[in-house]
Amino acid sequence: MPHLAYPTTTCEGFRCETHCAVRGLAICGELGPADHEEFERLAQHVRYGPKEALFSEDEVADSVYSLIEGIARLYKLLPDGRRQIIGFALPGDFLGMAPGNRYSFSADSIGGVTVCKFFRGPFLRFIENRPQMLLRMNDFATRELSLAQDQMLLLGRRSAEEKVAAFLVGWRDRLARLEGVTKTVSLPMGRQDIADFLGLTIETVSRTFTKLEREKLIVIVPDGVRVLDPKRFDALAAA
């Protein structure tokens, strides 16, 4: 997918204390006031428009990102040019900590995101003598591994219905950390994004949504889906 130009928009006047709704979930959530003030001085608060790239696969991994607003799409390009989406990042998620000196996947904005962007060197120097930050990093890495394992199961021998249901339940549970439990599952990503995440065609995903609605498990609403029978739906997702 082609990207628009890298942004030049910084969030003038942004202050974590008054503007960040996900500070408790973010990488800085365990810092005391003095450490947090120093940490914020390292940050650039940047706004990316729809489809703008935060970073691209194989670029030098010189920055890390704490997502504070919006949804980011994480993906790799296969040798034949096809796209495999490997995840969707939510507010509070931490991105860009590559195992080597280059990013191993790409990240772009779905509908506009705001991030705290840190140059990698100063960030690593800041956390190295702060055990609470190292523990926080470990928590993020553990969660990322769990999500990767969940996707491996999704790409396994499941029917299209089971894959779509499992995706919706997993996404609903992630949203619940931000918004609380609700029967309506907001879907800012399109059907093609869901298809590229599940290893299905967009036609199969669209037919599956229609079938789930016809079976009265969900109803399709403008911003996502509403689960009509949570017990049956969760059972299908767990199959």
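Note that the numbers count up from 1, one per residue, in the order the chain is shown.
Any Cβ shown, glycine's included, is placed from N, Cα and C.
Segment annotation: Swiss-Prot labels DNA-binding region over residues 191-210 (candidates 31-50, 171-190, 191-210). Summarising the environment of PHE123 (nucleoside 3',5'-cyclic phosphate binding site), the number of other Cβ atoms within 10 Å of its Cβ, over all protein chains shown, is 21.
Around GLU59 (nucleoside 3',5'-cyclic phosphate binding site), the same-chain residues six or more apart in sequence whose CB sits under 8 Å from its CB are ARG102, TYR103, listed in sequence order. The Cβ of ALA107 (nucleoside 3',5'-cyclic phosphate binding site) has 25 neighbouring Cβ atoms from other residues within 10 Å, across all protein chains displayed. Fewest Cβ neighbours within 10 Å among the binding-site residues ILE27, ALA43: this applies to ALA43.
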